[in-house]
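Engineer: My structure is below; once you've seen it, I'll send some questions.
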């Protein structure tokens, strides 16, 4: 059995070698010759999986180690009798922590408290729900918009997108990319929406680049609209609008979900799905794969305020470490993908063990996802 895996999927070689011969290949572009005798293909979001790639090939299963699936033609795979699995929710925690790192940086720079802001969350799936929970644990008001879930009658106080635009100080997008249909998200943030945002609002896109109309956004920024922008995703990736990058406050190369834990979850989820597909079901405990974190433990004295939270968050991950490298190489062919391929190891908040002498601080940090304990001061 021959299994092709994206060379940037951590732990893929070790795990899939339990099931057969493993060949690591680049994800963009996939070397088509390798598909001629392969049984399975494991990809990330950079690989377009469709009829033109796989027609006439012996591939029996495709796995994507990503939550999103808009790079995969699922209908064609089903028609062709090819098994498929994604990794829903694998990087949701990472994306939430990316948003927090960005917001805490902007709050410190611009001198505001997040408690004084209302956050509108567009898309309330794996990422949106977790973001809502952490924001509300901090006492920050949220507004939710998710028409598909609202129409299904899912639990939640869902509001219209127009209401979020009118009321939210921060608008953050966490939707799939639907190019048509009743829940179309292509250019969901169009010129009309962008112009309607509150003065001084913060716009965040960490889902799919085309959810925000990049040309319209640049037009509004060039005309002097008072707007802070955080973009992790771009229309036309791996190409991007370099002028737009110079105008946004934070710009990163589609790495919001790139924690080691998130990548490992993606790999293990598709590994488990494929092992079940071939009748050799196996389960993997994530903590058996991950290395010890860089920071063992720290001690926190007193209550948890916003400056202290910012220091803890940025100790684990400061979004500026990914903003600066992109600005240096933007516009140079191939560099966007190189930044992703050679991405520095990044951990999640749970990797940081925090000893608190304040019980409420320990409790709150645990709700936020840190590994915190209460040890009273002596």
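Cβ atoms are placed via backbone N, Cα and C, with glycine included.
Here's the feature list from Swiss-Prot:
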- 45, 66, 258: substrate binding site (BINDING)
- 146, 175, 232, 257: NAD(+) binding site (BINDING)
- 208: active site (ACT_SITE)
- 237: active site (ACT_SITE)
- 254: active site, proton donor (ACT_SITE)
Engineer: Around residue 254 (active site, proton donor), which of the listed recorded positions (146, 175, 208, 232, 237) come within 10 Å, judging by Cα atoms?
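Structural biologist: Hits: 208, 232, 237.
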Engineer: Is residue 237 (active site) helix, strand or coil when read with DSSP?
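Structural biologist: Assignment for residue 237 (active site) reads coil.
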Engineer: In angstrom units, rounded to an integer, how far apart are the Cα atoms of residue 257 (NAD(+) binding site) and residue 237 (active site)?
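Structural biologist: So the alpha carbons of residue 257 (NAD(+) binding site) and residue 237 (active site) sit roughly 16 Å from each other.
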Engineer: Restricting the comparison to the binding-site residues 45, 66, 258, which residue's C-alpha is spatially nearest the C-alpha of residue 232 (NAD(+) binding site)?
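Structural biologist: Sorting the binding-site residues by distance from residue 232 (NAD(+) binding site), the top entry is 258.
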Engineer: Near residue 208 (active site), which binding-site residues out of 66, 146, 258 have their CA within 10 Å?
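Structural biologist: Passing the 10 Å Cα cut: none.
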Engineer: What does DSSP assign residue 45 (substrate binding site), in three states?
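Structural biologist: Looking at the DSSP assignment, residue 45 (substrate binding site) belongs to neither helix nor strand, so coil.
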Engineer: Using all protein chains shown, find which of the recorded positions 146, 232, 237 scores highest when you count other CB atoms within 10 A of its CB.
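Structural biologist: Of 146, 232, 237, the one with the most crowded Cβ is 232.
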Engineer: What is the nearest of the recorded positions 146, 175, 237 to residue 45 (substrate binding site), using the Cα of each?
Structural biologist: 237
Engineer: C-alpha of residue 146 (NAD(+) binding site) to C-alpha of residue 66 (substrate binding site): distance in Å?
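Structural biologist: Rounded to a whole number, the Cα-Cα distance is 21 Å.
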Engineer: List the same-chain residues at least 6 positions away in sequence whose Cβ sits under 8 Å from the Cβ of residue 258 (substrate binding site), in sequence order, or say none.
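Structural biologist: Residues satisfying the criterion: 91, 94, 340, 343, 346.
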Engineer: Round to the nearest Å and give the CA-to-CA distance linking residue 175 (NAD(+) binding site) with residue 237 (active site).
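Structural biologist: Cα of residue 175 (NAD(+) binding site) to Cα of residue 237 (active site) measures 17 Å after rounding.
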Engineer: So for residue 66 (substrate binding site), how many other CB atoms are inside 10 Å of its CB?
Structural biologist: 25
